[in-house]
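Pulled from TrEMBL:
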{"type": "TRANSMEM", "residues": "33-55", "note": "transmembrane segment"}
{"type": "TRANSMEM", "residues": "61-87", "note": "transmembrane segment"}
{"type": "TRANSMEM", "residues": "115-138", "note": "transmembrane segment"}
{"type": "TRANSMEM", "residues": "144-165", "note": "transmembrane segment"}
{"type": "TRANSMEM", "residues": "177-196", "note": "transmembrane segment"}
Amino acid sequence: MDASNQLQIVIPNDLPKMEEEIDYSERAQWLRAAVLGANDGLVTIASLILGVGALKHEAKAIILSGLAGLFAGACSMAIGEFVSVYTQHDIEKAQRKREEGNGEEREKLPNPWQAAGASALAFALGGVVPLLAAVFIADHRVRMGVVVAATTLGLAGFGGVGAVLGRTKVVRSCVRVVVGGWVAMAITFGLTKLLGSSGFGV
């Protein structure tokens, strides 16, 4: 057979590269809600436990305060995320109605229910960590130390997971999240202790 008559298959160079051209916009939606929710849960509940523990040594009061904060925080995160994402959804939907040729991108609009659920669940999972660390420790000082240690490990873990999935520097992300959590816990404990010593405690 003549070589000139042979079928030649030409592969174009502009085919999408699945592994290299991953669209991180859709992943960023749930990743942001999940990681931020978990971090907020850890820091909020741990700070609340330390704040109450600055004045109260009874485990029951500390655990009940932590549970109340867990429920309130999860609901607040869900509502806030739902409103935020739903507003973004409406803005993008209205914008695409005014434009032409966007039909293929309609499925990529943010899902407010998904973001709200992920945010609430992540907050609850993060907040459970310091609660579990506090509930099984009888000695007050040891309890506070264990809460700080467990929260630190949790913050580092969530920060590392977020950095890996988001393709950012792991060490820098972990340090930033952990230091921020320490600052929040220290401020909450210090201000509550100061107010308690000034006569505001019960």
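Positions of Cβ are set from backbone N, Cα and C atoms, glycine also.
No contact links the transmembrane segment (177-196) to the transmembrane segment (61-87), because fewer than 3 Cβ pairs that are 6 or more residues apart lie under 8 A. Distant neighbours of the transmembrane segment (33-55): 61-62, 65-66, 69-70, 73-74, 77, 81, 115, 118-131, 134, 140, 143-144, 147-148, 150-151, 154-155, 158-159, 161-162, 177, 180-181, 184-185, 187-189, 191-193, 196, 201-202; these residues of the same chain sit at least 6 beyond its ends, with a Cβ under 8 Å from one of its Cβ atoms. Residues of the same chain lying 6 or more positions beyond the ends of the transmembrane segment (115-138) and with a Cβ under 8 Å from any Cβ of it are 29-30, 33-42, 44-46, 49, 59, 62-63, 66-67, 69-70, 73-75, 77-82, 84-85, 146-147, 149-151, 154, 158.
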